[in-house]
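Undergrad: The following feature annotations were taken from Swiss-Prot:
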| type | residues | note |
| --- | --- | --- |
| TRANSIT | 1-41 | transit peptide |
| MOD_RES | Lys71 | N6-succinyllysine |
| MOD_RES | Lys71 | N6-acetyllysine |
| MOD_RES | Lys84 | N6-acetyllysine |
| MOD_RES | Lys262 | N6-succinyllysine |
| MOD_RES | Lys262 | N6-acetyllysine |
| MOD_RES | Lys304 | N6-succinyllysine |
| MOD_RES | Lys350 | N6-(pyridoxal phosphate)lysine |
| MOD_RES | Lys417 | N6-acetyllysine |
| MOD_RES | Lys417 | N6-succinyllysine |
| MOD_RES | Lys420 | N6-succinyllysine |
| MOD_RES | Lys420 | N6-acetyllysine |
Amino acid sequence: MTLIWRHLLRPLCLVTSAPRILEMHPFLSLGTSRTSVTKLSLHTKPRMPPCDFMPERYQSLGYNRVLEIHKEHLSPVVTAYFQKPLLLHQGHMEWLFDAEGSRYLDFFSGIVTVSVGHCHPKVNAVAQKQLGRLWHTSTVFFHPPMHEYAEKLAALLPEPLKVIFLVNSGSEANELAMLMARAHSNNIDIISFRGAYHGCSPYTLGLTNVGTYKMELPGGTGCQPTMCPDVFRGPWGGSHCRDSPVQTIRKCSCAPDCCQAKDQYIEQFKDTLSTSVAKSIAGFFAEPIQGVNGVVQYPKGFLKEAFELVRARGGVCIADEVQTGFGRLGSHFWGFQTHDVLPDIVTMAKGIGNGFPMAAVITTPEIAKSLAKCLQHFNTFGGNPMACAIGSAVLEVIKEENLQENSQEVGTYMLLKFAKLRDEFEIVGDVRGKGLMIGIEMVQDKISCRPLPREEVNQIHEDCKHMGLLVGRGSIFSQTFRIAPSMCITKPEVDFAVEVFRSALTQHMERRAK
């Protein structure tokens, strides 16, 4: 079904009766009490848009047994959302179904990963076909899916970014990019923003500047943080700084063609270059929009000037497109294009395979040769036939279904809707983003902008889940809701999500008033 028809066939309905229980198949039971919305006060409750998909009957482990296995055998640092974690059973496009049959609108897409929809029919068909043909060879043999995919991906990047290294995850991709930068420059120092997340491997932890991911052990040698040019929470920034339909509530007197905040943050960047690194550096990592840090956007023109400063020091510029790439931002296919810059290296993962483990590093022939001189890079699973076939299918779906255009249209529609909530509720401090990458930052009040306490954000998060909406979390104090649905999302589903947020915020304000 085309996106146009899906927009027309999914009207938003509201019910004013008692709280609605999420849909459940009558024959499903795990022997545990199920989460309902009966805890919510009697407000107008948003009703989910319809879904024409029926999930299979759940026939696996009981919920309590899952909890026992998780506690006994899985990593203790792996935590799940919600007081009662969801046991998800099946997915279809923008929808998820739990083991009890309840349906949820997925507005986080597996941490900004399921780009074209859960179990997209075309991607499924390609995967099944390749599964029956060839699973694995390693790169010591050639196979068509790898070469077909490389040609398609290279065509989407500007010259001279044409040499592709296929790997399996964003952390792997960023580690390889670090090696490339150091091999090419013969320097060690790499700069990244405070609040940046570039991976959780021992090597990339040096680039990641979020306290949750820091260890009391040495690691990430040669990595230096610099101030994040955050126009909402940083010392400078105002109402004309961001490349977004929605600006901050802070005022500024900048002329349309001159951003004073950008100039101030560039001075801080120069200070880092003067005091914290050697005279010659290896490179600079930047996400076009910070993801884990809560969808932070930089002042217009900042990255362009920062790239010039880095190159003047002999460094290369790396764009981490793990969360921003493949049309998610709407106006452009790649996030770096929104800043009018051309990186020397681009890393990508997550949406590249719609959830299948896959990643890539793309660079210039010159930098690729520098790596080849010092390292015979090899990756057993990089360029796997299954991954490449799926990657090709994802690119085809994005083009055939106009998903980049949908991200622009529906994302802008959603940003403007959420901006109205910001104006309506004192605890919504900022709404920001571009396309289908949106952040909603919660504050105690708009004057101090102190982060809303975690326990209060947790309750709003729970209330959204009880009403059938799944969203992510981000920022240093986990005070920002991250909105990044699959790019097939429709306006009626956005209307539902906004009404869920309005209901959750209203209930929270009522709790505060008691």
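Going from the start of the chain as shown, residues are counted 1 onward.
Glycine is no exception: its Cβ is also placed from the backbone N, Cα and C atoms.
Help me picture these features in the structure, burial and contacts included.
TA: If you draw a 10 Å sphere around the CB of Lys71 (N6-succinyllysine), it holds 9 other CB atoms from the protein chains shown. Lys71 (N6-succinyllysine) falls within a helical segment according to DSSP.
In sequence order, Pro229, Cys241, Tyr298, Pro299, Lys300, Gly301, Phe302, Glu305 make up the list of same-chain residues 6 or more apart from Lys262 (N6-succinyllysine) whose Cβ falls under 8 Å from its Cβ.
According to DSSP, Lys262 (N6-succinyllysine) sits within a helical segment.
Other Cβ atoms within 10 Å of the Cβ of Lys304 (N6-succinyllysine) number 13 in total over all chains. In the three-state DSSP assignment, the secondary structure recorded for Lys304 (N6-succinyllysine) is helix.
A simple way to gauge crowding: the CB of Lys350 (N6-(pyridoxal phosphate)lysine) has 27 other CB atoms within 10 angstroms, across all the protein chains here. In three-state terms derived from DSSP, Lys350 (N6-(pyridoxal phosphate)lysine) belongs to a helical segment.
In the three-state DSSP classification, Lys417 (N6-acetyllysine) falls within a helix.
Using a 10 Å Cβ-Cβ cutoff, Lys417 (N6-acetyllysine) registers 18 neighbours.
Note: Lys420 (N6-succinyllysine) has no non-local neighbours, i.e. no same-chain residues 6+ apart with C-beta under 8 A of its own C-beta.
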Undergrad: Within 10 angstroms of the C-beta of Lys84 (N6-acetyllysine), what count of other C-beta atoms is obtained when all protein chains are considered?
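TA: Total other Cβ atoms inside 10 Å, all chains included: 15.
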Undergrad: Round to the nearest Å and give the CA-to-CA distance linking Lys350 (N6-(pyridoxal phosphate)lysine) with Lys304 (N6-succinyllysine).
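TA: On Cα coordinates alone, these residues lie 25 Å apart.
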Undergrad: Round to a whole number and give the Cα-to-Cα distance in Å for the pair Lys84 (N6-acetyllysine) and Lys304 (N6-succinyllysine).
TA: 45
